[in-house]
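A short worksheet on the structure shown next.
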Amino acid sequence: MKASVVLSLIGYLVVPSDTAVLGRCVVAKKLHEGGLSDFEGYSLENWVCLAYFESKFNPMAVYENSRSDFIGYGLFQIRNHDWCDHGRNRCHMSCSALLNPDLKKTIECAKTIVKGKRGMGAWPSWTLNCQHSDTLARWLDGCKL
């Protein structure tokens with residue numbers, strides 16, 4: 001009896017840390033529906049790869065890099081200095097809008113970023129992990145779009 005009470009109490013105290021994490025195929029579908037398939041010449045696989053290496057598919061991720069003095073927001077860890085209202089606001093939106101699991105604002109801002117001269121190279125993680133990968137197709141394996 002005591003053990004079940006203790007386990008029940010522990011169950012109330014433990015909050016899953018990955019509740020906001022989306023599945024790979026869910027991310028692929030949302031990005032596809034948002035028009036990122038072949039946007040500016042980048043395949044959907046590139047976008048899914050980027051999302052994984054930036055946030056592990058967590059649309060509510062916030063990462064503060066105190067060394068470089070920036071904060072990254074959302075699925076693509078969009079940086080505050082240039083893209084949202086805590087900086088130059090080139091995407092014309094609040095940084096908190098980038099934390100919505102529906103991904104609409106995130107996709108809108110990502111399109112603005114990738115139209116720039118650096119394209120997806122604006123994300124160092126894409127350059128390191130996705131750009132020349134010969135296994136990009138795996139990011140869509142088993143996904144129904």
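One-based numbering along the chain as shown.
Glycine is no exception: its Cβ is also placed from the backbone N, Cα and C atoms.
Recorded disulfide link (Swiss-Prot): CYS49 to CYS130, out of the candidates CYS109, CYS130.
Around the Cβ of CYS95 (disulfide bond), the number of neighbouring Cβ atoms within 10 Å comes to 22. Between CYS25 (disulfide bond) and CYS84 (disulfide bond), the C-alpha separation comes to 27 Å. A straight line from the CA of GLU54 (active site) to the CA of CYS130 (disulfide bond) spans 11 Å. Within the same chain, residues at least six positions away from CYS91 (disulfide bond) with a Cβ under 8 Å of its Cβ are ILE78, TRP83, CYS84, LYS105, GLU108, CYS109, THR112, ILE113.
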